[in-house]
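If you look up TrEMBL, you'll see 38-160 marked as domain 'Pyridoxamine 5'-phosphate oxidase N-terminal'. Taken from TrEMBL, the feature FMN binding site covers Arg65, Val66, Leu67, Ile68, Leu69, Lys70, Lys87, Gln109, Gln144, Ser145, Trp189, Arg199. The domain 'Pyridoxine 5'-phosphate oxidase dimerisation C-terminal' feature in TrEMBL is assigned to 176-218.
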Amino acid sequence: MSLKEQLRGLKSLAGPYRDFDTGAAPDEPASLFGVWLQDAITHGIPEAHAMTLSTVDAEGCPDARVLILKNVDADGWHFASTKLSPKGRQIALCPQAALIFYWQPLGRQVRLRGQVSELSREICEADFLARPIGSRASALLARQSDVLEGDEALDIALAEQRHLIEGDPFIVSTGWTVYAVQPTEVEFWQADGDRRHTRLRYRRAMDSQAWQRERLWP
Ligand SMILES: Cc1cc2nc3c(=O)[nH]c(=O)nc-3n(C[C@H](O)[C@H](O)[C@H](O)COP(=O)(O)O)c2cc1C
């Protein structure tokens, strides 16, 4: 069987799924996001807090990778990484991003777009210090996505950083940053087995907290 035939034979969005009553949706998207995220966690979906972050580089070319959602509050949707990484450099040049969550067993997707900001040094440091020692050692390397010469170089560098942490348990990587995406668009997408998907988009102007809600064609 060719790959094309194999892919054609794979099921997608087979359902059955729950109904999405858009008439009962709240005035703003954060609380509905909270309900859907909680549903995903309660459903036992592995890594329900994993999301795709899209940014653009200096040439305007899109880039994307999976990250972990750290919090949602008045600042927006939080994620953490090092400023020195490609994504950190891209955000410094163009502080705009898109986030996508997909909870497959529920047939639900959430898309967000908006401005990215850096949170306070206190928040960044607290996030860094809450990480396990291996994650802190890796972040202290501050070489994410650089070309790796080989395993030996990595093992030596990690051992050095662990040694540093053992000597100073409160050492923090200067580049470690918690970012927040403050969305101006959030779309909730509920699959339907017959492809009569239900889509609800919240939109607001950059300088307004008044959300407009609109249904979208599937
Ligand atoms: C499930 C999952 C969770 C991840 N979480 C993070 C994260 O929270 N922060 C991070 O910097 N990278 C995380 N990564 C690694 C990123 O996908 C990516 O490889 C790395 O950040 C380098 O991206 P960049 O070269 O675009 O900067 C995660 C990867 C996966 C698959």
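All residue numbers here begin at 1 and follow the chain in the order shown.
Glycine is treated like the rest: Cβ placed from N, Cα and C.
Keep in mind it's a predicted model, so treat the numbers as computed, not measured.
For the domain 'Pyridoxine 5'-phosphate oxidase dimerisation C-terminal' (176-218), the model's average pLDDT works out to 96. Residues Arg65, Val66, Leu67, Ile68, Leu69, Lys70, Lys87, Gln109, Gln144, Ser145, Trp189, Arg199, recorded as contacting FMN, have a largest CA-CA distance of 37 Å. Only Lys87, in sequence order, out of the binding-site residues Leu69, Lys87, Trp189 have a CB under 6 Å from ligand 1.
With DSSP classes pooled into helix, strand and coil, the tally for the domain 'Pyridoxamine 5'-phosphate oxidase N-terminal' (38-160) is 44 helix, 43 strand, 36 coil.
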